[in-house]
Each structure stands twice: as C-alpha cells, then as structure tokens.
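Colleague: To start, I am sharing the structure in question, which I have written as structure tokens.
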Amino acid sequence: MAFPALFLLPSYVCKQDQESVGSAGVKSLRALAFLGAGVSGILSLATLASGDEAEHGLPCPICPWPHKGILSSYDHASIRRGHQFYQQVCASCHSMSLISYRDLVGVAYTEEETKAMAAEVEVVDGPNDEGEMFTRPGKLSDRFPQPYPNEQAARFANGGAYPPDLSIITKARHNGQNYVFALLTGYHDPPAGVLIPNTSNACRDDDDGAESRS
C-alpha cells in the first residue's frame, strides 16, 4: 500500500500545518466536533457513497488505512517508497505538477537528500539579461518536472490518451485512495479472446471481462 501514500502528500502538508496551531484542548474539542458531525451524517454519507459507486462501476474494496484515524498520521516510510515507485515507474508518463521538492523535506527525505535529488534535474529558467532562457540545476522550490512539454505531445505518445496529473489523484477519483489502490493492483493478463491495444494494459473489471487502461 505504499504507492497511494505519496498521493496524499498535499493533504499531509495541510494536516501538519493545522496540527501545529492551537492548544491540546482546542484539538480535543475539534476532534469531538468531527466525531459529532460524523455520527450525524453517517447515513447520508453511506447513501452518497453507494450512488457514486453505482455510477462509476464496480465498488472498490475498502482498505483499513492506518492514517484514517483522527489522531493518526501518515507512514513516512510508505510515502518514501511511494515516491521512489513514482520516479521509477510513473514519472515517464504522469506529472505531479502541484508538488515541489521542498514538500518532501521532513516527510520522506532529509533536506540534504532532497536538495541532491532536485539538483539532478535540469530546469529551464530565465530569461537572463540578454533575454534568453537557460538551464540550471533544480532546487527545493522547483516543482516536479513534467514528462511532456504539452498535452498534444502526451496524447501522441500514449495513443491518444492523456495521462492524468497525480498530484491530487485521490481527491479527483471516487472512493479516493481505495480506487487508486484497486486500480494499481488490478492489472492482469487479458482473458482468452480479448484483444487489448498495444498502448494499453489489461485491468481486472470483473471475472469475465477486462477494461483497457492506458
């Protein structure tokens, strides 16, 4: 379950900022308020979730994420593994344009590790005094590099499909991180007689069929 943890990084940053403000008493009152709101709205939330799943297809399995508790936090080692997986597998097609290298400091890496990682990337900057653009080593304030210069290039390289940005993918998909986890662990060889385009992979949709995913 390491991979989806990286996609929760923006939420983690916000959560850390919120938890640093106020006294312990205020935090306790806020936790009680959340509990009250959760109890009063549980039936309506369940109804909305069921309708959402019916609209988008088969329901995703609900995973017991350890960070879902009110006083829980994210697994830093899991976030680090998720980032490494993203770099090695996903970054060639998917961007994370809303995340800067500095967001990893103290979360998955030390400041020195993150600076060294950013410096390995060539960033286009400028213009200089002569009006020309130039390249420089990346720094902490830079955002993750884009795999393609524009949407047209991305679609051309992926058979017409546009790989979504993964910065807030758990907020952009129904059932959040459960959806992402189910998608990542659902790939398999296509059933006999089912042809999948060369630019796509087979993904489990049910016991008898396959869904094409780019």
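Placement of Cβ uses the backbone N, Cα and C atoms for every residue, glycine included.
Curation plays no part in TrEMBL annotations; they are all automatic predictions.
Fair warning: this is a prediction, and the values are worked out from it, not measured in the lab.
Per TrEMBL, the feature heme c binding site maps to Cys90, Cys93, His94.
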Colleague: Let me check the 10 A CB neighbour count of Cys93 (heme c binding site). How many other CB atoms are there?
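Modeller: Here the count is 17.
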Colleague: To test your reading of the heme c site: which residues beyond Cys90, Cys93, His94, same chain only, put their Cβ within 8 Å of the Cβ centroid of those residues?
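Modeller: Sorted by sequence, the hits are Tyr86, Val89, Ala91, Ser92, Ser95, Pro147, Pro163, Leu166.
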Colleague: Check the DSSP secondary structure of His94 (heme c binding site), expressed as helix, strand or coil.
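Modeller: Reduced to three states, the DSSP call for His94 (heme c binding site) is coil.
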Colleague: Around the Cβ of His94 (heme c binding site), how many other Cβ atoms lie within 10 Å? Please give the count over every shown protein chain.
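Modeller: Summing over all protein chains shown, His94 (heme c binding site) has 19 other Cβ atoms within 10 Å.
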